[in-house]
Amino acid sequence: MTSLTQRSSGLVQRRTEASRNAADKERAAGGGGGSGEDEAQSRRDEQDDDDKGDSKETRLTLMEEVLLLGLKDREGYTSFWNDCISSGLRGCMLIELALRGRLQLEACGMRRKSLLTRKVICKSDAPTGDVLLDEALKHVKETQPPETVQNWIELLSGETWNPLKLHYQLRNVRERLAKNLVEKGVLTTEKQNFLLFDMTTHPLTNNNIKQRLIKKVQEAVLDKWVNDPHRMDKRLLALIYLAHASDVLENAFAPLLDEQYDLATKRVRQLLDLDPEVECLKANTNEVLWAVVAAFTK
């Protein structure tokens, strides 16, 4: 409770100081007209980002968030028994690309097709700045005829019996994501000896970022629960679904008290019981998101 109070007071101090600095700059500029208003709005936007605790250095992709939830803090690797996270991370990539305006589903036409039969098409091939995302986007763009969401999850994971399609597999995804997190100051890199071989591991070095991620997931199904997926932030909704599909959501709920844990899992179950075919017809939805959900919950 004390640490929460300290963080809150710290945010207030930063907010007050930022407002004071912005006011001083505006007075020094002498009003400034329209350009001054634009600069003030830009400063407010930057301040909002700081208040959320999401600076450019620590803003994580969906894939990085799911991996971070699955990594053991001290050991620096995911559970050897987790065989779900590989496909889960590929689902994250498709949703991340869709949220960034790069992918969409083909039009459903007069005879409405199901989400799982509609093909994924490239909406924009503009680089994202993320090597893994750009690699996946290149595959989708260059593949004719197009593939469905479920096929892409399997192809990007290398789960295909067709030797002509093995080149679609994205290799060393977890290691590459971990290196991204190292560059962002979240993880570090170590070598550990496992009997007959050495293994590169990535222990947690910035616990604040992981705790903030865990708190965000917990609050989404507890204190900030809205009982309507369309009123939730799409990225957060996708994180809950994909963390569950990757079998790492339990790690975010482990610290909860029994009553909170039961309530959180009950609300996640409510989300899992939704029909993606129905939800994708509602206003302001992302069809790729619901298609990925359908692929994992069918």
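Any Cβ shown, glycine's included, is placed from N, Cα and C.
According to Swiss-Prot:
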type	residues	note
COMPBIAS	1-11	compositional bias 'Polar residues'
COMPBIAS	14-28	compositional bias 'Basic and acidic residues'
DISULFID	C84-C108	disulfide bond
MOD_RES	S35	phosphoserine
REGION	1-57	region 'Disordered'
REGION	190-201	region 'Beta-hairpin required for oligomerization'
Statement: In chain order, residues whose C-beta lies under 8 angstroms from the C-beta of C84 (disulfide bond), counting only those at least six residues away in the same chain, are A245, S246, D247
- line: Residue counts for the region 'Beta-hairpin required for oligomerization' (190-201) under DSSP, helix then strand then coil, are 0 helix, 10 strand, 2 coil
Query: Near C108 (disulfide bond), which residues of its own chain have a C-beta under 8 A away, given they sit six or more steps off in sequence?
result: R118
Field: Averaged pLDDT, computed only over the residues in the region 'Beta-hairpin required for oligomerization' (190-201)
entry: 82
